[in-house]
Amino acid sequence: MRFFLAITALVAAVTAAPSADVAAVNQMAAMTLAEADASCGNGASLYCCDKSKQGGDTGSPGQAGGVGLLGAIVGVNGLLQGLLGQCSKININAIGAAGVLNQECTARAACCQNTPSVAHHGLVNIALPCIPINSLVG
């Protein structure tokens, strides 16, 4: 009886799990550089982030850090830096705004703040300088 209940709960959990949003995936595939830059908004620029990227204009566009509880996770050498890796700015003026985003950035495109990100002293401090663009589209 318990085995049947466990299997039923597992099946219910799997069927209730959200599926990939096909419209958002298609929108990301056809997104131009101008649309991606507009998604970033004011005060942020479009970057291409890749863990294995070396050389060129790489580095953190802003300092992510804090002295609070999550400072070690989000800090300059923290866990979240590994999610995006090294980032280089996509110069839209040099490339042209009509270019397709996934042709110019085969890794992960992100919107990064133009000013350093600072988390002030407190219990939970999160200062994220970059946000993946696929989390802004949808």
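Just so you know, glycine gets a Cβ as well, placed from its N, Cα and C.
Taken from Swiss-Prot, the feature signal peptide applies to 1-16.
Among the features that Swiss-Prot reports, disulfide bond is placed at Cys40-Cys111 (among others), with the record citing similarity to another entry. With a 10 A radius on its CB, Cys111 (disulfide bond) counts 22 other CB atoms from all the protein chains.
Under the heading disulfide bond, Swiss-Prot lists Cys48-Cys105 (among others), citing similarity to another entry as support. If you take the C-beta of Cys48 (disulfide bond) and look for same-chain residues 6 or more apart in sequence within under 8 angstroms, you find Cys87, Ser88, Ile90, Glu104, Cys105, Ala107, Arg108, Ala109, Ala110. Secondary structure at Cys48 (disulfide bond), as computed by DSSP, is strand.
All protein chains considered, the CB of Cys49 (disulfide bond) has 23 other CB atoms within 10 Å. If you look up Swiss-Prot, you'll see Cys49-Cys87 (among others) marked as disulfide bond, on the strength of similarity to another entry.
Residues or ranges marked as disulfide bond in Swiss-Prot: Cys112-Cys130 (among others).
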Cβ atoms near Cys112 (disulfide bond) (within 10 Å, other residues, all chains): 21
Spatially closest candidate among Cys40, Cys49, Cys111, the listed disulfide-bonded residues, to Cys130 (disulfide bond) (Cα to Cα): Cys111
Proximal but sequence-remote residues of the same chain as Cys40 (disulfide bond) (Cβ under 8 Å, at least 6 apart): Leu46, Cys111, Ile133, Leu136
